Ligand code: GAL
């Protein structure tokens with residue numbers, strides 16, 4: 001893009017003089033219209049999928065976003081590393097649409113937020129563009145291919161390749177699509193950059209860079225008017241400028257506004273401002289553009305760590321992949337919001353979007369919820385990690401994709417760092433620093449207000465080969481034992497744990513001893529959280545190392561949620577199937593999450609919660625249903641953020657344990673662990689209890705006073721089903737979701753922690769089952785069907801309301817030999 005920098009003279013407006021309510025329509029973009037509805041879809045190769053005379057009548061009708069692969073089947077014919085789902089191969093989407101004749105003379109663009117992947121786009125039979133990287137959005141100009149006042153056809157070919165991802169990537173047009181009508185004189189795609197370089201309690205200097213395009217044949221004098229509104233919709237600043245833009249040119253115009261007494265964006269009060277920029281020629285409005293931003297300062301210092309608005313914040317982060325469990329990857333706002341809420345409840349304040357640009361809505365939610373984000377661009381550079389990875393497109397696309405990421409995301413106050421890569425293999429090369437330098441330079445040329453980072457897992461190679469020297473903030477994956485040493489050698493470096501722990505577990509599944517030797521064929525991992533791949537270590541070790549090195553910014557544990565694919569420690573390579581990870585089939589989704597694929601917390605979730613939150617809590621494990629093991633010793637573990645915990649077995653005290661004093665041996669160590677004997681945890685309290693049926697209960701005390709308690713009872717035979725919805729009232733927009741937890745209890749209502757009954761679902765009313773799941777990484781039951789077996793007592797049904805609904809939804813859950821249950825989900829009146 002040919003952009004000339006030009007500085008405009010801003011007309012400042014004080015808070016008092018121009019405070020007024022924003023009319024609602026001012027927030028609405030004039031020209032961006034959803035293009036999601038009424039597409040047709042066909043899986044399979046087609047030579048002429050774009051042809052105008054192609055008969056697509058038999059194709060499947062659907063609305064976007066869409067992930068074709070989540071429909072399954074989950075099958076050994078596909079790579080377990082990618083979820084055992086059919087994500088590769090060719091598929092086509094087509095849509096007929098009218099462009100009103102009154103739009104003639106306007107520019108018409110189509111904006112895809114993400115297509116997985118190798119997308120090629122055709123309008124009326126002609127190719128208008130392509131984009132190989134599935135995680136990045138792109139805009140294409142359709143104008144010269146369109147017939148105004150007539151029907152047009154857009155066709156999109158996707159062609160994800162086999163062996164092209166280390167996890168489940170999803171497949172298809174899985175993010176929103178928009179059609180945009182613009183005057184030839186307009187603000188470019190992702191064309192504003194709002195910076196707040198000077199912030200004090202009294203005032204914030206806001207700089208707005210606006211990328212202007214004149215695609216007409218006339219030079220033009222334009223007025224650029226930007227109004228800034230606070231969260232309540234009151235106007236708190238404005239600026240009006242004049243500019244000349246010559247025919248067929250583009251340039252950046254800058255405006256400045258001072259906001260008096262700005263409300264800062266923080267984790268507790270994530271205040272957002274909205275800037276509405278209007279381009280005018282005389283009285284004619286040419287373009288209107290809305291940008292959301294926040295006023296906040298970020299600082300990273302070798303001495304003080306990460307400072308948000310001057311205050312030190314320890315990063316309590318999780319790495320998150322982009323799927324939404326049973327819903328696959330088709331982006332849904334409520335699904336993302338729920339994931340973030342579950343993470344926040346664990347004490348999370350930071351997200352690393354591993355290892356790719358996330359959906360736009362994820363960042364919007366982080367802005368709204370006060371979570372900070374490391375926005376990550378790539379999982380590999382020129383050297384690939386899989387046979388058909390993005391490395392094939394590296395030379396042609398990496399700069400374009402990296403710039404696109406930063407330009408899309410630069411106004412989000414939540415983003416605190418740009419990550420140019422995860423565990424890139426160039427670490428092992430002497431000239432690895434060169435590519436690091438190139439990418440850091442590109443990043444800086446787009447944004448100097450945030451540091452550049454990367455996650456390194458080769459130590460000391462990433463330092464010896466000087467990759468670490470080329471970035472601002474150094475992320476280390478899985479090297480907590482070396483933090484101190486690295487800081488000694490490089491006292492000026494700012495360092496954090498970009499990936500930590502990688503402990504694995506299956507929710508509600510326990511084996512004894514607590515750290516068993518790995519067994520093939522079980523396909524489950526004990527939840528005492530002491531099992532993982534060779535580079536893994538218990539969360540406790542990271543907590544210890546961070547406490548020892550307060551200069552480290554914090555950590556991003558692997559991972560907040562289980563995700564589809566990468567079933568480590570199961571999933572050995574199966575040589576008979578061309579490099580697939582099907583050696584431990586049916587394991588096909590991850591065991592790394594603190595929450596399972598459905599979002600049900602595992603025990604580890606509470607270990608982090610006990611370290612990351614202050615609201616009194618106590619958690620106890622395992623379950624108390626050990627029929628046939630009466631008299632055998634069961635290790636009971638408790639996590640708390642209180643001072644001490646007392647365990648009661650059938651009402652009898654087993655004694656109090658003091659956190660930090662009574663230690664628990666945790667056998668799983670780390671490759672760097674040099675100390676004699678097992679690692680001892682200050683974060684787990686434990687008792688060895690001979691099993692007798694009844695109950696276990698933990699009571700937590702601080703300063704001698706009870707602050708929290710939790711009990712688990714031995715359950716009798718499964719008797720009836722219970723349903724609990726996270727929300728019984730949902731929006732009428734056809735997208736909103738209600739997550740219904742399905743569990744089985746005994747006659748007295750005690751949770752049956754080992755139940756595995758098959759549950760059949762029925763839906764009545766204006767809605768559908770959008771997905772079902774149970775969190776079992778080895779279950780072969782479809783995530784898109786109408787039945788699911790309980791996994792250790794739990795399953796999930798995700799209900800989606802219809803558009804413009806009339807009748808509330810009733811979900812009925814049945815199982816052989818059990819009393820059925822139903823639950824009603826109603827609709828909010830539409831606005
Ligand atoms: C890391 C990698 C992650 C994931 C993790 C599993 O090395 O960056 O993507 O594979 O290991 O432990």
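Every residue, even glycine, has its Cβ placed from backbone N, Cα and C.
Taken from TrEMBL, the feature domain 'Glycosyl hydrolases family 2 sugar binding' applies to 88-177. Per TrEMBL, the feature domain 'Glycoside hydrolase family 2 immunoglobulin-like beta-sandwich' maps to 190-296. Residues annotated as domain 'Glycoside hydrolase family 2 catalytic' in TrEMBL: 303-485. The domain 'DUF4982' annotation in TrEMBL covers 631-708. Annotation source TrEMBL lists domain 'Glycoside hydrolase family 2' at 721-824.
Simply put, out of 190-296, 303-485, 631-708, 303-485 has the most Cβ pairs sitting under 8 Å from the domain 'Glycoside hydrolase family 2' (721-824). Across the domain 'Glycoside hydrolase family 2 catalytic' (303-485), the model assigns an average pLDDT of 98. With respect to Cβ pairs under 8 Å, the domain 'Glycosyl hydrolases family 2 sugar binding' (88-177) is most closely packed against 303-485, considering the stretches 190-296, 303-485, 631-708. For the domain 'Glycoside hydrolase family 2' (721-824), the DSSP-based tally of helix, strand and coil residues reads 0 helix, 56 strand, 48 coil.
Break the domain 'DUF4982' (631-708) down by DSSP state and the numbers are 0 helix, 45 strand, 33 coil.
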